[in-house]
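**Q** Mind looking over this structure? Questions follow.
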There are 4 protein chains.
Amino acid sequence: MFEGIGTAIVTPFKEGNLDIESYEKLLSFQINNQINAIIVLGTTGEAPNISLDEREILIKKAKEVSGNKAQVIVGAGSNGLNHTIELIKNAEKNGADGLLIVTPYYNKPTQNGLYEYYKYIAELTDLDIIVYNVPSRTGINILPETVYKIASDCKNVKALKEANSSFEQINKDLLLLKELKDFKIFSGNDDTAFQLLASGGDGVISVASNVIPLQMVQMFKFIKNGEIEEARNIHFSYYKLFKNLFIETNPIPVKAALSIMGFINNELRLPLVPASEPTMKIITETLKGCGVI
Amino acid sequence: MFEGIGTAIVTPFKEGNLDIESYEKLLSFQINNQINAIIVLGTTGEAPNISLDEREILIKKAKEVSGNKAQVIVGAGSNGLNHTIELIKNAEKNGADGLLIVTPYYNKPTQNGLYEYYKYIAELTDLDIIVYNVPSRTGINILPETVYKIASDCKNVKALKEANSSFEQINKDLLLLKELKDFKIFSGNDDTAFQLLASGGDGVISVASNVIPLQMVQMFKFIKNGEIEEARNIHFSYYKLFKNLFIETNPIPVKAALSIMGFINNELRLPLVPASEPTMKIITETLKGCGVI
Amino acid sequence: MFEGIGTAIVTPFKEGNLDIESYEKLLSFQINNQINAIIVLGTTGEAPNISLDEREILIKKAKEVSGNKAQVIVGAGSNGLNHTIELIKNAEKNGADGLLIVTPYYNKPTQNGLYEYYKYIAELTDLDIIVYNVPSRTGINILPETVYKIASDCKNVKALKEANSSFEQINKDLLLLKELKDFKIFSGNDDTAFQLLASGGDGVISVASNVIPLQMVQMFKFIKNGEIEEARNIHFSYYKLFKNLFIETNPIPVKAALSIMGFINNELRLPLVPASEPTMKIITETLKGCGVI
Amino acid sequence: MFEGIGTAIVTPFKEGNLDIESYEKLLSFQINNQINAIIVLGTTGEAPNISLDEREILIKKAKEVSGNKAQVIVGAGSNGLNHTIELIKNAEKNGADGLLIVTPYYNKPTQNGLYEYYKYIAELTDLDIIVYNVPSRTGINILPETVYKIASDCKNVKALKEANSSFEQINKDLLLLKELKDFKIFSGNDDTAFQLLASGGDGVISVASNVIPLQMVQMFKFIKNGEIEEARNIHFSYYKLFKNLFIETNPIPVKAALSIMGFINNELRLPLVPASEPTMKIITETLKGCGVI
């Protein structure tokens, strides 16, 4: 499992179809800026609106551009067991280095149900698995104790992406899960990634790194080198960007940003729609304010 | 669109497969107790874990048993546009009388995105549509103003199932949406259904009515007849049942209850698992306490 | 203990002092419009900023104007035991008919601490006590079970003013506390008072009745007569007023409203300040919209 | 204004009265362990239940024991302007080095009201003022922008004690308020003090330091010296203590802990009551677990 910064890459569209040319540019931008992993088909990649055929294209291209320089992790969770298995098989077949499996959303399993679900899945694949906790989207919170139990029993469950923004949860994650050998804890929130890393976390699965990959990588390296003040400077220099990439639902603002930067069309699939005019202005100003454009 | 009580019917399983014999018994129990609608493949029906082929069987059987006595409404929402369209086509083909379309979960569209999404869907079908708002599962709240705009522009959007438990939202729903001709507002929460009905609502899409269909129908009729005290008596007589059917995630406790009552096996599909022992005890006591068993 | 509508009366000021002339006008307006109780020195009366001498004047005047037509209930809670006792003695001395005792705010006692506190107080006075639950201000929620235990052990604890806006709490209040003989449950929220009354509640301690006493009294009477639709019409006719009297912290908007109506100066004591200009406009429009001015 | 760790000291009682002998022992324990400030009559000191005469005794004794080794900051806020002024005068008269002024609780002023309130107070005193934000108790959240405006206009408003546990708020505090010359930001939550300090904060107003003053001072020093890993070790070593001192409302568990350690009687004033038996056991085990006893 990687350490450092993984980018939850957007999926660019052109007139309703995948825009592979732009996608390749985005991937190269990431690899050239030393990113540690590409997370394909995460929420930021609009996974619920991508067909199996399209998934194949996106994963293969990411592998091709990344080569040995960055891991390719594939988002393969859903709220139905059979659909999740289908997505995992698709990821395996196309060469994924690992899987990001969100807790089943909407149907709100119990902690015991979560355990059984992850155990079932982990036994079906040899790929490494990152458990993804994002209560604001899923309606449930997987407890550190449950992750601990899963990771203890399933040797390929290797990491947690924690997007619960409460440091009560994050502190408990770190206290408990760091007892597990080689288990990694990633921040799922750019705006508190600095604090999670300073507390002993292993990396970030980032939206902002679509825009500022190098700066995120540097922040991570500073912390690992004990240069806390330098890391903090990066954190606060880009804090407004971290926040403003979420003034509408992700990935609406980051697609706006990447379109302003000239990387992609500002196009999304329903039920998501492009950023409103006020958001476009704020994103433009924010990018200028931190020197990105 | 129906008025009164619709039952969000569970999907019984037997060794992993659909248990059609039990399903038929459940449907007959509902129809014999004067239920106004059967909601097939809602959350209570574990929709995310039912295949297209199984959907066909479940919808057709519900139509067959209901005859002209109750409408059959089919849950056909998802968080991906193409998947939703697939589910709608499947429902149409199999004879659904209407559709229950939950707001897209997990990907959290904006209000504008919700409008575009429902508009797109409404134009694809002639069936009547119930918008379903359940923020605790979906991570978003569709505003009364957005529902108003959708229903104004789409003549087959005919009702709202409101499961936001705040009476601030419910009062605003009633104040605003009752201006629309023939638009219906259903409670999505059994424990406050009495209050929503007393405030002018048109019915309930109920979990508890799996267990007590006749009592729910009676509560509705009392209110419509202005017999508020009699309705209130039913509400408080079954209040503990309403609450305890949610001590674990629905439909875990209602499947426990129906298994205790002898209707079905206590079997669910992952990521859901059967009720814990303490829950089984509470459900048994609750059923006894209100005279169901 | 009264039944029906009690008005949490504002305390008018003029150049920093009590404005007794306006206060008398307000009281007469209430009494002439059949109000059932006057609640003096509640939160709406800016109690934390009123001295003991001023309390005396306000209570006596309320008693004088009310005569036998309405009960005078005095807010006498605080977050310190000795200060509460001081306020109770002051209320007793000046002729209060009952006491409104808020749960101690800020220091957040446990349920057991709340029980001990109310028991201690109840034994010190012969006046009837209304327990006041308002979690959004106090930081704690007194459970229905705790109120039940207090009222069971203290015969002068006679009522609950419930301002927790969740109908889960309100339903539990009604289910449990209605088992107590002669115990009354009042709504502390105008915007859901209709629903609480329809569910079997005994009255409202109201802010809106400062402005529309007669309409609130009528809504209550309609419900008690089983005329639910007429009550509902009043509820929805004044719903915007109920909400807009809380767009800034109470009593800021209700003082704005009463000043627009010509009853009082728009003056408050720090840390409260008069309504902003946008609020003044909204209040004016709202009063016009429901025919008050 | 101090930098580092300030202890929100408990107020020991004996048969209802102040226990000055124990208080002196507590103060000496703090001073001998290099604490940077003593916060007298904070929430932890049960301020709402301490008379003016008792305040005098507590402040004077703290000054006497602290000498020049630690600042004595006095909690002097309330929810009434006149009462706050009374408490400030009392603190000034008895030699306080600074004031901790909580945002007015319960009556929920607007941001503008908060500004006017602090401005009014700041002009009345020459003492340095710490603004104290604790939404879970007060029902309101003072925005970083409001604190910025107050501190810009009032030169003796010198610090913020931030007990909003959200790092969104804390990051905004640090980003905005660090632009002010010599303005200090203190953590008001022991369990996230490490993260706030690592992010550039200036200290902690601590409950846990009643029990482990030296360890808290060391954690602070490690961070200031850039020894982040050593600081982190202290944080996680005492994390369970930080949490368990809040399993009942503060100061119930810390008084339990100090009584187990032999410093004080386990006595509180109503509405607070001593820790329950289960809490006593947890506190005992926690103290053993981290080597305090």
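Each Cβ is built from the backbone N, Cα and C atoms, and glycine gets one as well.
Quantities reported herein were computed from a predicted structural model and do not represent experimental measurements.
Got these off TrEMBL a minute ago, pasting:
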SITE      A:Thr43  site 'Part of a proton relay during catalysis'
BINDING   A:Thr44, A:Ile205  pyruvate binding site
SITE      A:Tyr106  site 'Part of a proton relay during catalysis'
ACT_SITE  A:Tyr132  active site, proton donor/acceptor
ACT_SITE  A:Lys161  active site, schiff-base intermediate with substrate
**Q** Which one is it: of the recorded positions A:Thr44, A:Tyr106, A:Tyr132, whose Cα lies the shortest distance from the Cα of the residue listed as 'active site, schiff-base intermediate with substrate'?
**A** A:Tyr132
**Q** Could you round the CA separation between A:Thr44 (pyruvate binding site) and A:Tyr106 (site 'Part of a proton relay during catalysis') to a whole angstrom and send it over?
**A** 18
**Q** Identify, in sequence order, the residues in the chain of A:Thr43 (site 'Part of a proton relay during catalysis') that are 6 or more apart from it along the sequence and have a CB within less than 8 Å of its CB; answer 'none' if there are none.
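**A** In sequence order, A:Ala8, A:Gly75, A:Val102, A:Val134, A:Arg137, A:Asn250, A:Pro251 meet the Cβ cut-off.
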**Q** How far is it from A:Ile205 (pyruvate binding site) to A:Tyr106 (site 'Part of a proton relay during catalysis'), counting Cα to Cα, in Å?
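**A** One finds 23 Å between the Cα atoms of these residues.
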**Q** Using the alpha carbons only, what distance in Å do you get between A:Tyr132 (active site, proton donor/acceptor) and A:Tyr106 (site 'Part of a proton relay during catalysis') once rounded?
**A** 15
**Q** Return the count of C-beta atoms lying within 10 angstroms of the C-beta of the residue listed as 'active site, schiff-base intermediate with substrate', excluding that atom itself.
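**A** Excluding its own Cβ, the residue listed as 'active site, schiff-base intermediate with substrate' sees 26 Cβ atoms within 10 Å.
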**Q** Under a criterion of Cβ-Cβ distance under 8 Å and sequence separation of at least 6, what residues of the same chain contact A:Tyr106 (site 'Part of a proton relay during catalysis')?
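**A** Non-local contacts for A:Tyr106 (site 'Part of a proton relay during catalysis'): A:Asn79, A:Thr138, A:Gly139.
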**Q** If you draw a 10 Å sphere around the Cβ of A:Thr44 (pyruvate binding site), how many other Cβ atoms fall inside it, taking every protein chain shown into account?
**A** 23
**Q** Just to verify: the residue among A:Tyr132, A:Ile205 with the fewest other Cβ atoms within 10 Å, which of the recorded positions is it?
**A** A:Tyr132
**Q** Filter the recorded positions A:Thr44, A:Tyr106, A:Tyr132, A:Lys161 down to the ones with a Cβ under 8 Å from chain B's Cβ atoms, keeping sequence order.
**A** A:Tyr106
